[in-house]
């Protein structure tokens with residue numbers, strides 16, 4: 001990409017790189033980050049491709065914010081303290097309006113998650129955003145998918161199915177009231193990674209995962225890694241009032257169980273631990289394997305990711 | 001991407017994740033890496049897009065090896081010890097032959113650089129590979145672009161211009177003898193990041209950078225960051241015998257000075273330090289700014305990256 005375009009991007013992004021763990025930010029061959037003594041590094045990468053992971057008409061500010069949230073959600077699911085990220089951005093053209101607006105979304109996420117942007121690469125090509133997040137964990141603790149114990153209770157944060165409801169609205173399959181539509185779109189465009197909740201759960205939860213592919217799929221990863229069954233009571237699965245305004249109770253339950261892109265946490269806690277703030281108990285860990293639900297639901301006409 | 005395709009990729013990649021600094025590899029929400037006491041994290045990301053950074057007919061094994069080498073070269077330029085990497089792979093389709101062959105190139109690079117693959121993301125879309133490398137640095141040392149002192153000598157590792165010569169061959173502009181052509185293609189397809197050299201230079205070199213955009217451009221970054229002039233004696237710039245077989249001395253010198261993609265190191269050392277193994281002295285740091293060469297060369301018909 002010609003230097004002038006690098007300059008353009010550098011101008012927008014170079015102010016986002018400061019943080020307590022950052023010794024050296026954008027501008028040399030590598031960034032340098034510091035961990036505290038007795039900490040370990042948690043890291044994950046997530047890629048979003050236009051037309052595959054988000055619609056082609058999505059506002060660039062939302063694309064930027066959402067790409068960081070999706071990656072930061074993996075730090076939340078490990079209980080890690082964010083320390084920095086890199087963004088690899090492939091762009092069809094360096095449109096100044098696009099870069100400016102996209103960078104505002106990135107900047108909002110940097111601030112929201114205290115996740116400084118310490119490095120990146122900008123290349124020419126079809127719009128693709130890879131966000132690599134780095135966080136710090138105590139040497140002896142992490143929220144893993146394994147560790148759920150028979151008898152533990154199963155919780156989720158927030159409400160589920162909102163992103164799926166938003167997609168149904170965007171696809172013209174459902175016409176919610178304006179307030180509900182606005183709420184659902186906000187949930188899809190601006191998911192919030194549960195970073196603070198993850199850190200509070202560290203040392204308490206016996207397992208955790210973020211819900212990116214849908215509750216059943218992601219709870220299934222906990223069940224498989226822990227060698228247990230996750231039994232879900234459908235009546236307990238928390239729905240937003242916006243999603244609850246949908247007239248068909250089976251549709252909305254299906255979205256809550258199998259819709260992805262909500263980026264809430266699913267976690268297990270010993271029975272004696274109080275319910276964490278913002279979480280809802282939805283079931284129990286039992287002997288066995290896989291995920292069981294207490295209703296007979298036909299998922300063959302299931303939700304597809306965007 | 002459907003689960004079966006994830007499974008396919010996981011099968012090829014999951015064996016590459018073990019290493020001395022790896023506490024938890026592919027399979028949970030994040031990987032977990034450990035630094036030694038008094039170490040810091042060095043990190044960088046590089047993206048390669050098919051048709052932009054490499055030709056569409058490039059062999060997948062070479063694409064994989066080269067993508068890792070390009071990213072690892074930034075660790076070399078900082079003097080960091082590799083500890084792990086993530087690969088974000090966007091693929092138009094999950095062709096088993098392609099994935100198998102690509103993964104062999106990744107595996108060769110994992111072994112070459114002792115850089116375990118601890119995480120990744122695979123998405124559907126135009127072929128794009130983002131490699132994020134992580135390395136460890138002592139708390140008080142790093143090879144930076146700043147730090148070159150007036151009077152220091154300027155060195156490069158290996159030979160320069162080979163990748164540019166390979167592109168001239170691929171573009172039909174030059175017809176070297178078969179042995180020379182093979183050598184040049186190997187240099188372009190299989191660049192070797194100078195990771196060991198970088199580590200040896202730590203605490204000795206006053207500045208360093210890897211040559212990805214061409215010697216003049218990258219030495220220019222050292223000059224700018226250090227507030228000095230880099231004066232290069234063209235007759236000292238090391239050329240391979242393959243490149244030297246080109247009949248026109250101005251063409252090959254231009255490639256060596258401005259051709260990118262060689263991934264050698266350019267560095268500065270105090271005059272009293274012996275020449276590092278595999279390096280050639282090419283000039284001196286003087287008062288001033290920018291990069292000066294002792295020949296009059298017309299760069300208007302300059303080298304373009306692939």
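Keep in mind that glycine also has a Cβ here, set from the backbone N, Cα and C atoms.
Listed in TrEMBL for this protein:
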type	residues	note
BINDING	A:53, A:261, A:303	substrate binding site
BINDING	A:120, A:121, A:145, A:212	ATP binding site
BINDING	A:213	Mg(2+) 5 binding site
DOMAIN	A:27-136	domain 'PurM-like N-terminal'
DOMAIN	A:149-293	domain 'PurM-like C-terminal'
Model confidence over the domain 'PurM-like N-terminal' (A:27-136) (mean pLDDT, whole number): 93
Intermolecular Cβ proximity, binding-site residues A:212, A:213, A:261 versus chain B, under 8 Å: none
Rounded to the nearest Å - Cα separation of residue A:121 (ATP binding site) and residue A:53 (substrate binding site): 20
Across the listed ATP-binding residues, A:120, A:121, A:145, A:212, what is the farthest Cα to Cα distance, given in whole Å? 32
How would DSSP class residue A:120 (ATP binding site) in three states? strand
Which residue, of the binding-site residues A:121, A:213, A:261, has its CB surrounded by the fewest other CB atoms within 10 A? A:213
I'd like to confirm something. Which of the binding-site residues, A:120, A:145, A:212, has a Cα closest to the Cα of residue A:261 (substrate binding site)? A:212
May I ask which of the binding-site residues A:53, A:120, A:145 is closest to residue A:213 (Mg(2+) 5 binding site) if we compare their C-alpha atoms? A:53
Show which residues of the chain containing residue A:145 (ATP binding site), separated from it by at least 6 in sequence, have their CB under 8 Å from its CB. A:207, A:208, A:209, A:221, A:222, A:224, A:225, A:226
Rounding to whole Å, the Cα atoms of residue A:53 (substrate binding site) and residue A:120 (ATP binding site) are apart by 21
Across the domain 'PurM-like C-terminal' (A:149-293), DSSP labelling yields 57 helix, 30 strand, 58 coil
On the DSSP side of things, how many residues of the domain 'PurM-like N-terminal' (A:27-136) fall into helix, strand and coil, could you say? 37 helix, 45 strand, 28 coil
Taking DSSP three-state, what's residue A:145 (ATP binding site) in: helix, strand or coil? coil
